[in-house]
Structure formats: structure tokens, C-alpha cells
Amino acid sequence: MSELTLTVMRLGFLAVLWLFVIVAVQVIRSDLFGTRVTQRGSRRGGSGDTRTQQARQGAAPPHQRQQQQQGAGRQRRGSPTKLVVSEGTLTGTTVALHGQTITLGRAHDSTIVLDDDYASSRHARIYPDRDGQWIVEDLGSTNGTYLDRTRLTTPIPIPLGAPIRIGKTVIELRK
Amino acid sequence: MSISNTTTIGAIDAPSRRNTELLLLVFAVAIAVFAYLNVGLALDGKVPSGVLGYALGLAALAGVAHLVVRKFARYADPLLLPLATLLNGIGLVFIWRLDQSQRLIHLAKISYGHFTPSAPKQMLYSAIGVALFVAVLLLLKDHRVLQRYTYVSMFVALVLLIAPVFFPAQFGARIWIRIPGFGSLQPGEFAKIIIAIFFSGYLMVKRDALALASRRFMGIYLPRGRDLGPILVIWALSILILVFETDLGTSLLFFGLFVVMLYVATERTSWIVFGLLMSAVGAVGVATFEPHVQARVTAWLDPFGCYKTSGSCQQIGDALMSFGSGGTLGTGLGQGNSDLIGFAANADFILSTVGEELGLAGTMAILLCYGLIVERGIRTALAARDPFGKLLAVGLSSGFAIQVFVVAGGVMGLIPLTGMTLPFMAYGGSSVLANWALIGILIRISDTARRPAPAPAPSPDAEMTQVVRP
């Protein structure tokens with residue numbers, strides 16, 4: 001093999017190796033310039049891309065309207081299959097519902113460990129009753145658990161999609 | 001990084017980016033095959049006969065891993081898999097290149113009476129490693145499950161760390177478990193992952209006590225005496241490993257990992273100060289009476305002073321000279337003389353072959369690939385929502401980083417040489433297996449972290465809203 005070919009291959013290999021590194025860095029560029037930072041507590045207050053924010057806003061109707069209708073709220077048929085955290089630091093966390101009791105609180109052995117200043121260590125639990133209806137019960141928390149705007153005093157069935165509020169965290173049951 | 005964060009950071013449109021990953025994987029396999037061709041052409045002047053088998057084998061491994069990620073971890077980070085594949089592929093080429101060296105064949109025949117090429121075995125280990133990666137992705141549906149095994153993993157890790165004491169020392173360190181008929185295993189590599197699981201589970205529970213209960217003294221927060229307990233226990237354990245197993249690497253990795261995770265969990269700089277002080281005291285203390293460690297330190301301080309008298313001095317000296325003869329652009333693949341290092345040239349010292357044949361430019365690129373893996377791990381930790389996942393991702397990636405630092409620093413003469421393997425590149429089954437499993441867990445966490453929040457459910461009240469006119 002001639003000396004020239006080997007030199008070209010040697011430099012070519014280094015070039016290709018660096019090209020790979022540069023391409024890899026280009027791939028993660030989106031992390032630096034395309035992030036959306038959401039402040040805890042103010043869900044709409046993020047300083048990110050306004051278009052996506054509006055799109056999200058459009059998709060999620062304001063909660064006030066929902067609350068006015070709460071009294072006459074009609075419950076959807078069908079049982080929920082998952083529990084979704086829709087607001088707070090854990091936004092996006094989902095837990096599949098398989099008939100197990102779900103505990104919520106700051107205690108580390110909770111099913112959903114809340115990192116929320118307003119949550120108690122054993123805040124609330126969500127469990128199915130004999131008919132498979134999911135029930136939420138407040139476990140004597142300091143700041144209370146809210147189903148829509150009403151503070152829970154007794155165990156109460158959860159309508160599908162109704163927001164359960166614990167501090168700044170909002171949890172919903174979805175199909 | 002704070003784990004009690006007040007902000008959530010996420011990509012604007014979290015696309016799955018699987019196609020990016022596929023393209024990068026193709027690129028990575030192509031680079032490795034190019035390296036293989038280059039070595040063959042430089043050594044024999046013709047295309048090596050095994051190139052097709054090598055290319056197909058590596059592509060098959062990468063393809064299987066990619067398909068499993070596409071199916072079971074759709075939103076995972078697109079860079080981790082291609083980077084690991086590239087490093088593993090290039091590592092295989094270097095091991096194969098050192099197999100071709102007449103010097104090493106001769107040396108093996110003198111020492112063991114026969115010579116078996118390492119590259120086919122390493123290819124097999126890589127295949128088992130990718131199988132383990134696939135198994136992790138299939139079996140570990142949610143990394144939070146690991147939290148349940150906090151104390152079980154502490155026990156398992158201790159067993160793995162202590163077990164080698166009962167086996168005979170090889171090459172001056174007791175880090176192997178010998179299983180008759182199967183081969184030997186380096187449990188420290190697996191302990192790295194398991195100990196990270198224990199630390200994250202433990203610190204997640206205790207971090208409030210460790211972070212908040214402290215007194216302020218001279219600008220830094222001093223922890224209370226009783227909170228010093230765990231760090232003292234870990235410190236004592238790592239000293240014991242150093243004394244009884246004479247294994248500097250595992251000891252450093254074990255203690256360093258704990259200090260990093262303590263710092264991340266509590267945001268207290270004082271832990272780093274304590275950690276550095278304690279490891280300095282421990283290292284100096286052990287080095288004064290342990291001859292094996294002493295020899296390593298002497299070899300580090302003046303490798304050419306004892307070059308003719310001590311084997312480890314000669315190894316370090318040869319490694320330094322191979323880096324030197326590589327220069328900026330290297331001698332070219334297959335054209336270096338790093339095989340002069342002899343023993344462990346394709347294991348602990350593989351970086352010196354990289355340094356000689358690819359030069360400073362190539363070594364930097366390889367180290368950047370390691371850096372990018374670590375960066376993706378830390379990034380995963382930032383994006384993870386649960387504190388356990390955050391700590392685990394930080395722990396795994398900093399363990400990986402410490403390992404690369406310890407071995408690369410040792411070979412380059414920055415710190416005393418320790419018996420650790422360069423992840424993915426060095427020859428050794430345990431290392432490849434453990435690091436593929438580590439990448440699997442990181443991919444699982446990053447899949448959970450990058451998964452976009454489910455779209456808000458349509459409100460059940462939406463259709464009921466109507467305008468009521470009098």
C-alpha cells in the first residue's frame with residue numbers, strides 16, 4: 001500500500017471521526033436553543049415558545065368554565081385506565097390503574113411522591129371501591145385535597161377528567 | 001443541579017428522534033468499518049478477509065438495539081446508542097489490531113504457551129452486552145421500580161465488592177471472581193450500577209436531613225456529627241477495599257460516586273470539601289504501608305527512573321512514549337508500536353494505542369464521545385421528573401465519567417494507574433456487559449423523562465356549554 005494512500009486514509013479517518021462528533025453536537029443543539037422553561041405554579045407563565053403555549057391553551061379549556069358546570073357535571077361512561085398529573089412539577093407523570101391503591105404525598109414510599117410545598121407526607125389516597133368506582137380520600141392533610149373547588153371531607157367518587165388538586169399539583173383520571 | 005427544582009425544562013416539541021438515531025448509528029458503524037479496513041490495508045496492504053463479517057456483525061447488533069429502542073423506548077435520547085456503538089466498534093478494531101501484532105503473539109506464547117486472539121471473544125461479549133441492553137429495556141418498564149430494591153441493592157453491591165477478597169489475586173489485585181469452567185468475572189463493574197441504585201434510593205429519603213440540618217461556619221455549611229455517619233461508613237469501606245483488594249480504581253469510583261451524589265442531592269459544597277479531604281487522608285495513609293499501591297505511586301511520579309527495574313514503571317513509560325510518538329495527527333491506524341507495552345496493551349492500556357495511532361486529534365474525539373455520553377446522562381437527570389430518576393441518572397453518568405477519568409488519567413500519567421477498564425473499548429467481558437446495561441438504564445430513564453405530557457383530555461363539560469337567551 002502506498003504511503004500516499006495511507007496518509008490520506010489516516011487524515012480521512014480523523015476527519016470522519018470529528019465529523020461524527022460535530023454531527024452529534026448538532027443533534028443536541030436543540031437542547032440549548034429549543035427548550036421550554038416552565039415555572040412551577042404558573043403553568044402559563046413560561047417564557048418559551050408562545051405558539052405552543054397558545055396551542056396548549058386552546059386544547060385545554062379554562063378551568064373556570066369547568067367549575068361552573070361542576071354541579072351539573074355529567075359523568076362519562078367507562079372506567080378510567082390511567083392517572084395523569086396535569087400540573088405541578090410532576091406534570092406528565094402517568095400511573096396505570098390496575099385496581100391498586102395509589103397513595104399521594106411527600107413520603108418517599110408513596111406511589112406518587114409529591115415534591116410540593118403544600119403537600120403533607122401522607123396526603124391522600126385513590127382506591128377503587130367494590131364496583132370499580134375510583135374514590136379519592138383525604139388522609140387528614142394540612143392543606144386539604146380539592147376535587148375541583150370543593151375541599152374533601154369524606155371519601156368521594158372521582159368523575160372522569162375532574163381535577164384533583166393537592167397544593168400546586170393537579171391530578172386527573174383519564175380513559 | 002438542584003433536584004428540588006422550581007422549573008421544568010423540556011424540549012419544545014419532543015419528537016421521538018428515532019430516525020436521527022438510526023442515521024447516527026449507520027454513521028457510527030461506517031466509521032468502525034472504515035477503521036477496520038484502514039488497519040487491514042496498513043498491515044497487509046490488502047482488504048482484510050474478516051471485514052464483511054465484522055461489518056455485518058456490528059450492524060446486526062446496532063440494528064437489533066435500535067429496533068428494540070424504537071419499539072420499547074420511543075422517546076429515549078437519540079445519542080446514547082450511537083455513541084456507545086461507535087466506541088464499542090472502534091474498541092473492537094483496536095483489539096483486533098493488537099491481535100495482529102507479532103510481538104504480542106510472541107509474548108503470549110512465551111507466557112502462556114499458546115495465543116488466542118481476543119477480538120472474536122470481545123465480539124461475543126459485545127453481543128451478550130447488547131442482549132443485556134435489550135433485556136434491560138424489555139424487563140425494566142419503569143425505572144422507579146428499582147427504588148423498591150434500595151436496601152437489597154446495598155446488600156448485593158456489598159457482596160459483589162467483598163467477594164473478590166476470597167479469590168486469589170491476579171496481576172497484583174483481587175478484583176476477579178473465578179468461576180471454574182466459565183471464566184473470571186470482575187464484579188466491581190456491576191457493583192458500579194447497583195451501588196448507584198442504592199445511593200439514589202437512600203439519598204432520596206435522607207437528603208432533607210443531610211441538606212437542612214447544618215450549621216454555618218466560615219461560609220460553608222457544616223453537617224451535624226450524626227449526619228456524617230453514612231459518609232464515614234462509605235469512606236471506611238472504600239479504604240478496606242483498597243487495603244484488602246489493593247484495587248485503587250474501584251475504591252476511588254465507589255467513594256467518588258458517593259460524594260458526587262451527596263453533593264447533587266443536598267447542594268452543599270461542604271460535602272465535596274469533606275470528600276476531597278477524606279480521600280486525600282485515606283490515599284496518603286494507605287500509600288504509606290501498602291507496597292502494591294506504593295509501587296503504583298512510584299511509577300506515576302517517575303516512570304523513567306525505575307523503567308528498567310519495575311514492570312509497572314515500564315508499562316507507564318511505554319504508554320507515555322506511545323502518546324508522544326503519536327503526536328498531533330498520529331501514526332495512522334495499524335502503524336504504531338504501542339504493542340511494545342506488552343501485557344494489558346488491549347485492556348487497561350488501550351487508550352495509548354488510540355493516542356499513538358490517532359494522535360491528539362483522535363484521542364480528543366474519542367474522549368469527547370465519552371463526554372457526550374456523560375452529558376446525555378446529566379441531561380437526562382435534568383429532564384427527569386422524579387427525584388429517584390434524577391439521582392440515578394446522575395449517579396450512573398458520574399460513575400461512568402469517574403471511570404473514564406481514572407483510567408485515562410492513569411494511562412496518561414495524570415494520576416497513579418489503577419486497574420480499571422476504559423468503558424466499551426478495553427478488552428474484558430464484565431466491562432462491556434456492565435456498560436451496555438448502564439446505557440440501557442439511562443435510555444429507560446431518558447425515555448420516561450422525554451416522553452411528552454399526554455394531551456389534555458377533552459373536557460366532559462365542553463359540549464354542555466350553551467348560551468342561554470331570555
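Residue numbers in this text run from 1 along the chain shown.
Glycine residues also receive a Cβ, built from the backbone N, Cα and C atoms like all the rest.
Outside the transmembrane segment (B:22-39) by six or more residues, the chain places 47-48, 50-51, 54-55, 58-59, 62-63, 66, 78-79, 81-83, 85-86, 89-90, 92-93, 96-97, 100, 332-334 with a CB less than 8 A from a CB of the stretch. The annotation transmembrane segment is assigned in TrEMBL to B:22-39 (among others).
Through the fold, the transmembrane segment (B:51-68) approaches residues 18, 21-22, 25, 28-29, 32-33, 36-37, 40, 81, 85, 89, 92, 96, 123, 126-127, 130, 133-134, 137-138 of its own chain, all at least 6 residues removed from its boundaries and within a Cβ separation under 8 Å. The transmembrane segment annotation in TrEMBL covers B:51-68 (among others).
Residues annotated as transmembrane segment in TrEMBL: B:80-98 (among others).
Residues or ranges marked as transmembrane segment by TrEMBL: B:123-140 (among others).
The transmembrane segment feature in TrEMBL is assigned to B:152-177 (among others). Outside the transmembrane segment (B:152-177) by six or more residues, the chain places 146, 184-188, 190-191, 194-195, 197-198, 201-202, 237, 241, 244-247, 250, 254, 292, 343-344, 419 with a CB less than 8 A from a CB of the stretch.
What TrEMBL records for B:189-205 (among others) is transmembrane segment.
Positions annotated as transmembrane segment by TrEMBL: B:226-244 (among others).
The transmembrane segment annotation in TrEMBL covers B:250-266 (among others).
Taken from TrEMBL, the feature transmembrane segment covers B:271-289 (among others).
Among the features that TrEMBL reports, transmembrane segment is placed at B:358-378 (among others). Among residues of the same chain six or more beyond the transmembrane segment (B:358-378), those with a C-beta under 8 A of the stretch's C-beta atoms are 1, 77, 79-80, 83-84, 86-87, 90, 323, 326-331, 333, 351, 393-394, 396-398, 400-401, 404, 408, 423, 425, 439, 442, 446.
Residues or ranges marked as transmembrane segment in TrEMBL: B:390-412 (among others).
According to TrEMBL, the transmembrane segment annotation covers B:424-443 (among others).
TrEMBL lists B:450-470 with the feature region 'Disordered'.
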Winner by Cβ pairs under 8 Å against the transmembrane segment (B:250-266), considering only B:80-98, B:189-205, B:226-244, B:390-412: B:390-412
Among B:80-98, B:123-140, B:189-205, stretch most in contact with the transmembrane segment (B:390-412) (C-beta, under 8 angstroms): B:189-205
Feature contact check the transmembrane segment (B:424-443) with the transmembrane segment (B:189-205), CB under 8 Å, 3 or more pairs: yes
Contacting positions for the transmembrane segment (B:80-98) when only residues 6+ beyond its ends and CB under 8 Å are counted: 21, 24-25, 27-29, 31-33, 35-36, 39, 43, 50, 54, 58, 61-62, 65-66, 69, 104, 117-119, 122-123, 126, 129, 333-334, 338-339, 345-346, 350, 353-354, 357, 366, 369-370, 372-373, 376-377, 422-427, 432, 435-436, 439, 442-443, 446
Chain residues outside the transmembrane segment (B:271-289) and at least six past its termini with a C-beta under 8 angstroms from it: 220, 223, 228, 231, 235, 238-239, 242-243, 252, 255-256, 258-259, 262-263, 297
Same-chain residue ranges lying at least 6 outside the transmembrane segment (B:226-244) that approach it to Cβ under 8 Å: 158, 161, 165, 174, 202, 206, 209-210, 213-214, 250-252, 254-255, 258-259, 262, 271, 274-275, 278-279, 282, 285-286, 290, 293
Tertiary contacts of the transmembrane segment (B:123-140) (same chain, 6+ residues out, Cβ under 8 Å): 54, 57, 61, 64-65, 68-69, 72-73, 88, 92, 146, 428-429, 432-433, 435-437, 439-441, 443-444
Chain residues outside the transmembrane segment (B:424-443) and at least six past its termini with a C-beta under 8 angstroms from it: 69, 73, 76-77, 80-81, 84, 87-88, 90-91, 94-95, 118, 121-122, 125-126, 128-130, 132-137, 140, 143, 183, 185-187, 189-190, 192-193, 346-348, 350-351, 354, 366, 373, 376-377, 380, 392-393, 396-397, 399-400, 407
